[in-house]
Each structure stands twice: as C-alpha cells, then as structure tokens.
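A quick write-up on the structure given underneath.
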Ligand SMILES: [Zn+2]
C-alpha cells in the first residue's frame, strides 16, 4: 500500500465521518454519501486508495453481489479483505470500501456493468471476473450489444489484465476475446434470448447442448478451464473440489466456481477457499430464511428476465411462491419485460402476486395460463398459505420492502 497525500488523508477522514453520520441517522450504510464526499475533496481518491493493493473486479448483469461475497469469503483465508459486498457498486461505493479497510491488501469490488471501463482505469485490477450480459431494466440500461462493445473496447486497451470469463455467454466471450490472458469458466447461461446471434458478425449462433458456435465467422464457446460437475468444482488441472453451499441453485455453484478462480489468481488454493463458501448463508437478505407465524419464508431477489429464470430453478418442488413486482425508479418504470419471462415453471403450486405492480403481474400470469391469487402484501401472503415453507421472488424495491418488513434481515 502506498502512502496517501495529506489531501487524500483528509478526504478519507471526511469520507468516514460522512458515512458514519449517514449510518447513525438511519440512512443506509453510508457508502454512497461517504464516497461522494471523499471524491469531491480528492477526485483521484479511488485510484490512490487502490494503488499497491491486489484488486479483483466482479461485473455482469446477474450474480455479481453473490459472487463478490463468495470471493471475499474465499480470500479471507489469506487475511482481511476490502469489499463492497452490500451492493454499492459504483465508484462512490468502491471508494468507501477501499477507505474503510485500509489495511486489507486484497480487495474485491462488485462493479456495475456500466462502470467497468472506469474501474479498469482507476482501480488497476489484478484480475477481472466477467459473469454474463443480458437485458436489464428496459428504460435505463444500454442494449446488451452496446454494453458488450463498451467492455470489449476497454478490455482491448488493457490486454494484459487477467480475465476470468464465462465461456457459456457469447457476449462475454466476445467482450473478453481481445485479451491475451483469459481463464474461461463454464458459468452457465439459462437465459439465451439475448444471444441468438453472433456478437461478432450478427449471423445465427448454433447451439449443441452447452456448446455454441457461429455458423458464419466461427466464433465459438472456448473450452473452459473451470467447471461445475454435480456438487463439485473442477479445477484447470482436473481436481474435483466439493462445493457444500448453503445458497441454492446451479447459478450459485457457477458463482462459487468463479470465486474459486479469482481466489486462485490471488494465490489462495481452492481447497482452502471452498470451505469458506459454505459459510455464506445469505447476501444482503438474498436467500435469507425468515420464520413468521409458522411459515419458513425464503427470500429470492431477481431483477430482470435472466434472474427470474434462475430463481424458478431454485424453488423447492410444490412449495407455494409469492411473486413481488414493483416499478419504481431503480427497478425501471416499464414492466413489459415480464412478457419476456416464461412463468410456466411456477405452475402446479400456489402462486400469490404482490407489489405495487401486482396487477401487471396478474395479467402476465393470466396470459401465461398460470393460476394465481392477488393479495395485498407479504403479510397477507403469509396468511394465505398453509404453515410450512414459502418462497418469495421479488424484484429490487419489492425485495427491499419485504426485507424491511422482516426487520432488514441480512
Ligand atoms: Zn459470427
């Protein structure tokens, strides 16, 4: 770690003060306001705080918060870690994460997809993990192709930065393709609606099982170095490392393998890292289980079509499910994306719709031929199901509302 200038030290002190004041006044964890204060005083604070440390960046449309949490847990085998594992994934949050843990050599930063080029320049990462790219909130996000091009341009300008990239996602493969140092992970891609055409030439992609290939230019799925097989991670030299995860679903096994690959790049062997992943039970309320009135309620967050498909894969068979939909600013005001999601996987169980936009959800479920009930809120949903397990899938602000209802469960 390098010594900070007097100005940077002052900026760091003010950042911490602002974050603390914000936190004690009950306005969240203070990461964003703290970072804003610090960067106002010293605009280069992020790069100054990152200098001389080992930084990993984790980005993608889905799974970045969980993968960041997994990676931080894995790296804790080698000492304290600076991380923004609570979702403040823009430069203000990164600056705060680095300022709060000044003594941590290893840093793991979750990065909003749009900020990856800036972080690549300012945080001088040792490794970058690229998870996936799919459509997000319609009225906010850039087209997938635009985002992939932005990544490719930025990564091409830094071809020596090691990447850990999802070979199953054609957009990620193309974006990473100009780099000379890519470790490929078979990270899975349940959602394929954004990758029917070749990122490179626009022609049709052929798929055979997990393999994909462009019929025109030959861009194809790279052979992965890391993979998931059953409940194990397979390392580049063919070792099988058991993954005894508390978090559900194939997608979290893939997130775990990515975390092991990042840890390995930082010199933490997967045998030492993997047991630490088992200790992650929930991530900022995601996957948390809450008991209420004889019901065991499990909370799943999904913000976009790809996320809803992954969440359906995690549902316990026959368990009732609450679907919660809002359309506030951070969710995107347009709910038409729910027509991109096939809800038929929830058929054959009790389905309850809640949230500000529960009527939009009701119309979608009706069109999809799924039987459902509309109820007022999570409390009413709990009363509407028999004692036992209840799954909840919610988009961003709907999730935060429910989490608040359960005393901000972590
Ligand atoms: Zn092509």
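A Cβ is built for glycine as well, from the same backbone N, Cα and C atoms used for every other residue.
Keep in mind that what you see is a predicted model, and the values were worked out from it rather than measured.
The following features are taken from TrEMBL:
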type	residues	note
ACT_SITE	334	active site
BINDING	198, 201, 214, 217	Zn(2+) binding site
DOMAIN	58-263	domain 'Mur ligase central'
Discussion item. Quick check: with 198, 201, 214, 217 left out, which same-chain residues have Cβ atoms within 8 Å of the centroid of the Zn(2+) site Cβ atoms?
Written reply: 199, 200, 202, 203, 205, 215, 216, 218, 219
Worksheet item: Which recorded positions, if any, among 201, 217, 334 have a Cβ under 6 Å from ligand 1, given in order along the chain?
Response: 201, 217
Worksheet entry | Per-residue Cβ crowding (10 Å cut-off), top of binding-site residues 214, 217 | 214
